[in-house]
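Per TrEMBL, the features are:
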- 31-308: domain 'G-protein coupled receptors family 1 profile' (DOMAIN)
- 16-39: transmembrane segment (TRANSMEM)
- 51-73: transmembrane segment (TRANSMEM)
- 85-107: transmembrane segment (TRANSMEM)
- 128-150: transmembrane segment (TRANSMEM)
- 197-218: transmembrane segment (TRANSMEM)
- 253-271: transmembrane segment (TRANSMEM)
- 291-311: transmembrane segment (TRANSMEM)
Amino acid sequence: MMDFDDSYVLLSEEQLIYIITIPLSTSIILANLVIILGISWNRQLHNTPNYFFLSLLVADLCTGVALPFIPLMGLNRHLSFSSCLVAHVFPNFLFLAFLFNLVMVHYERYICIIDPLHYSNLWMHRSFPLTLLVVWTPALLYASLPAFGWNNWTGPDFNSCCESTQNLTAFSNCLTNTTSCCSYKRVFPNAFIFLEVYGLVLPAILAIAAMTGHVLWITRGQLKDICRLHRSVERGNQASDQEQKLNLRYTRCVVAVSLTFLACWVPYLIYMHVSIALVVSDSKRSSTTHIVLSCTGIGSMAVVPIVLGLANRQYTEPALKLLQKLRDRWRPRTQASEEATV
């Protein structure tokens, strides 16, 4: 009876992951497709900065596809060695590629603001394919290290994950020679996890936050200079309506950036440190709280490029025009049907 309860918990955890991630994954994929098509249809947006953003959108779309499989890495499953590697390495590669693309886009826009005179001479603009290789190749190489031998597959077999399901037909393949217990602990050594979190992920997030904060600081200084010049021209000491509008717009920008950071990054930071705590405590099973944190944390982080894309009207203009055409075609039909019923 205890074995059946444990296997039921395993199934319910998988169902919980799918219930949370499938709607998130679908929304992320559709939103990215809308923005990608918007950039592709507008020839005025066919330039190097938007190509960088397209690379980020493609990485984010792939992350949306892999989103249901990332929380599954926290569960013990019954897979062969090659299948277990693919189930862990490929989602991790897509996640790292997304993060590196996000840093690259922020860096490119950061240089555009702090050094606009030398912006066009950046090495990123002179060789766009090389930039893509610099972003995507390190993510692939690091994520593939477990496949090249940096793993714990030859260590303990984690037989406990099979003991709870050996009486069920659905998991009878656990006892065959072709499959074994697949766990993230067998694929990712603790050193690999710590290096990725504190050597790649956390520095990337801090770099994005630092660049965003510096841009806001520069914007604030430029706003003060504009207000000072405006007062000198108007020869008045009191703030005019134009100055108040500028200050209000800047305040809204700061609030929007702060809320975006809190909504998109804080859940992932919480999930990341909870995961590290589980690794340190050597926990063998993910709790329901950890599953919810993993789904919402990774999903919220994947929303960042969508927020950046929807904030640009040029990216969403084709979709808005299409919706307007559909509305214009739908209204005469509804009006005609209403007149016919009357």
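Note: Cβ is positioned from N, Cα and C throughout, glycine not excepted.
Any TrEMBL annotation is an automated prediction that lacks curation.
Long-range contacts of the transmembrane segment (128-150) within the same chain, counting only residues at least 6 positions beyond its ends with a Cβ under 8 Å from a Cβ of the stretch, are 48, 51-52, 55, 85, 88-90, 92-93, 96-97, 99-101, 104, 187-189, 192, 196, 200. Tertiary neighbourhood of the transmembrane segment (51-73): same-chain residues 14, 17-18, 21-22, 24-26, 28-29, 32-33, 35-36, 39, 87-88, 90-92, 94-95, 97-98, 101-102, 104-105, 108, 124, 128, 131-132, 135, 184, 286, 291, 294-295, 298-299, 302, 305-306, 308-309, selected by CB-CB distance under 8 Å and a gap of 6+ residues from either end. Residues 96, 99-100, 102-103, 106-107, 109-110, 113-114, 142, 253-254, 257, 261, 265, 269, 272, 276 of the same chain, all 6+ positions outside the transmembrane segment (197-218), place their C-beta atoms under 8 angstroms from a C-beta of that stretch.
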